[in-house]
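What TrEMBL says about this one:
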{"type": "SIGNAL", "residues": "1-19", "note": "signal peptide"}
{"type": "DOMAIN", "residues": "171-228", "note": "domain 'Kazal-like'"}
{"type": "DOMAIN", "residues": "250-309", "note": "domain 'Kazal-like'"}
{"type": "DOMAIN", "residues": "332-379", "note": "domain 'Kazal-like'"}
{"type": "DOMAIN", "residues": "406-453", "note": "domain 'Kazal-like'"}
{"type": "DOMAIN", "residues": "477-523", "note": "domain 'Kazal-like'"}
{"type": "DOMAIN", "residues": "525-597", "note": "domain 'Kazal-like'"}
{"type": "DOMAIN", "residues": "615-665", "note": "domain 'Kazal-like'"}
Amino acid sequence: MYLLVIQLAFLLLVSHAIGKECTVSRTSRSYLNDTFSTSQVLLSGTVERITVVALDENVAQTLNIRVRRIFKGRELVGSPQYIDVAVPPRFKFCISALLLHDTRVFAISLRGTSLEISAPVIPVNLSVLDSLHSFTWGKPHKKRRKSKQSEFFSKKGRCETQLCPLGSKCVFSTGKCECRTHCRSTGAAVCGSDRVTYASACHLYVRACLLAKKGKKLRIANYGACRQKSPCEDLRCGPGEDCIVSQKDGVLSAQCVCPTSCPSYGDSVESSPVCSSQGVDYPSWCHLKQHACHSQINITVRYFGECDPCAGTSCARGTRCKLTEARRPECRCSEQCALIYDPVCADNGLTYTNECVMKVAACKEDLQLTVFKKGKCSDFRNPCDDLECSHHSRCQLFTNGTAICVCPQKCPLSLTPVCATDGVTYDNECEVQRSACQLKSHIAVRHQGPCGKGLCSTFSCNAPLVCVVKDEKPSCVCPQCTDELREVCASDGRTYSNECKMRKAACEAGVTLFVKYNGICEGCAKKNCQYYSSCVVENGKAECRCPTECYRKLSSTQLTPVCGTDGVTYSSECHLRKSACQQMKFIMIAFEGKCDACLNVECGFGEECRGGKCLCSYQCPLSPPPSAKVCGEDGVLYLSDCHRQLAACQRGSPIPVVPLTRCHSAVATFNGA
């Protein structure tokens with residue numbers, strides 16, 4: 001409502017300013033000369049008809065003029081008796097001072113095939129006509145000789161030079177401006193700035209003239225009758241409330257109420273899902289308003305559609321769900337690249353197996369990658385090696401051989417709010433990284449959901465664990481990572497796709513890892529590890545090893561079970577990868593949750609459900625080398641780490657690894673029998 005009042009006040013100020021400009025006398029010879037020079041057509045005429053058409057926000061006006069004399073531009077308009085001239089918006093207030101049968105001088109321009117007013121109208125008097133006549137014929141202006149009659153008019157106030165204000169006319173006998181007393185016709189109704197409907201513009205001018213004597217101003221607010229003011233304009237409703245107008249005894253009243261029901265309109269926008277400013281999905285805008293009203297929280301619509309449209313989209317293996325500019329989910333980033341080793345160095349300073357692999361990586365990370373040079377980046381001087389890009393920035397190579405660290409430029413349009421360690425709520429984790437990069441500050445995700453709201457706001461997790469809500473309870477889980485390809489060689493001798501995945505692996509295994517150096521571990525460049533194994537460098541020798549640890553510090557109730565494509569329910573994705581590697585079988589996640597036969601079966605720590613039964617399915621080597629022995633916290637010396645995990649599964653609780661010196665006097669040795 002306040003915005004409407006400001007707009008109305010601005011409109012009145014503009015109309016007053018322009019209206020004042022239109023009433024200033026513009027009959028000086030210099031002004032007439034300028035108007036004559038700049039106008040395409042200049043003529044005198046009488047207004048026969050004023051046509052007004054009200055549009056959405058503007059008013060279109062057209063004048064029908066009976067031509068009296070053409071001073072300039074006859075070659076453009078010919079010799080018509082009548083012409084139709086359009087009135088531009090900047091002159092509509094000037095024209096509002098005109099009445100039917102008024103005679104004026106009009107400056108006109110040609111717009112294509114139509115005519116248009118190009119300057120404020122000029123009043124007609126002898127001085128104006130004499131000046132325009134001299135301009136037309138190119139002759140010097142001669143002043144008229146004074147006579148007794150002209151002396152009479154000079155004393156009484158000559159109407160030739162008098163420009164009367166809105167709603168008045170000059171009386172020839174007195175030379176003074178007097179208000180009109182009647183109107184010739186009713187015409188179309190108009191709404192005044194006093195919110196009163198007048199029978200015609202003429203009637204409003206009569207009223208305006210009388211008010212002007214009292215120092216009050218009246219102008220046309222809009223053409224047509226004044227609409228009845230809604231009482232909702234003066235009422236400010238709370239979050240989610242609707243203003244309802246009622247009428248009793250002819251009096252309108254309004255009140256703010258919460259939506260009581262949300263009817264369905266089929267495929268209409270009114271019944272489509274919406275995403276709130278808090279990152280919560282609602283079935284419709286109405287449901288959002290209901291919740292905002294009952295909770296008295298200012299919740300607005302952030303997106304029409306789901307907050308994360310990809311959440312309910314299943315993509316084929318090797319593809320990833322991405323949002324278009326219109327936030328429509330699409331399965332893209334196909335991994336069907338040829339197994340050809342034709343390395344390319346991208347402009348981010350990283351080496352990719354071939355150009356197809358580079359494009360897939362760019363698609364997954366929403367990057368614009370191009371081939372900087374053919375071959376590995378290590379084959380020539382790489383300017384990125386001289387840079388230390390931190391805080392989620394990455395190296396950007398240029399064709400002139402220079403390099404700089406740049407921050408993420410583009411983040412997904414999905415809304416999955418997270419609370420960061422700086423106490424700020426971000427749309428998603430990518431926005432956290434971008435802010436950390438721009439501020440050059442260490443900012444990480446503290447918990448899922450907005451800051452200060454939800455169960456995680458008062459629940460703390462030790463790094464690198466983050467808090468998420470599962471089954472309406474806060475839970476600490478390992479961080480989720482993207483598939484960004486920025487290999488690092490970690491302190492365990494393994495190569496990880498990026499630093500985040502190294503931290504996640506450390507979190508899952510319950511160990512501490514740090515980056516030894518960026519890039520693939522030496523010796524692993526040509527090692528092709530399969531079945532979820534990873535290349536490990538130990539004593540200068542590279543070999544493929546299976547995952548050994550899975551969430552050592554988490555209990556079975558804190559893990560998310562998954563169903564593998566072999567029909568087996570695993571305690572977590574990590575357990576699936578470890579089992580697939582040990583069996584040398586390619587097993588993928590069919591879906592999160594338990595397989596059908598295991599749906600109602602609760603397995604203990606480390607156990608896997610197979611055919612409805614919980615088993616400790618560890619295939620440990622029968623005769624491991626002596627160097628494979630590990631010492632458990634229970635004081636037992638195990639033949640290998642696999643045997644320790646088997647014992648933990650059979651016991652139903654984790655058995656941490658301790659130094660071998662703790663087991664020098666071990667009384668028992670576990671061999672899995």
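For all residues, glycine too, the Cβ spot is worked out from N, Cα and C.
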Across 171-228, 477-523, 525-597, the most C-beta pairs under 8 Å with the domain 'Kazal-like' (332-379) come from 477-523
Grouping DSSP H, G, I as helix and E, B as strand, the residues of the domain 'Kazal-like' (250-309) number 15 helix, 16 strand, 29 coil
The domain 'Kazal-like' (406-453) resolves under DSSP into 11 helix, 10 strand, 27 coil
When pLDDT is averaged across the domain 'Kazal-like' (477-523), the result is 77
Secondary structure split (DSSP) over the domain 'Kazal-like' (615-665) reads 18 helix, 8 strand, 25 coil
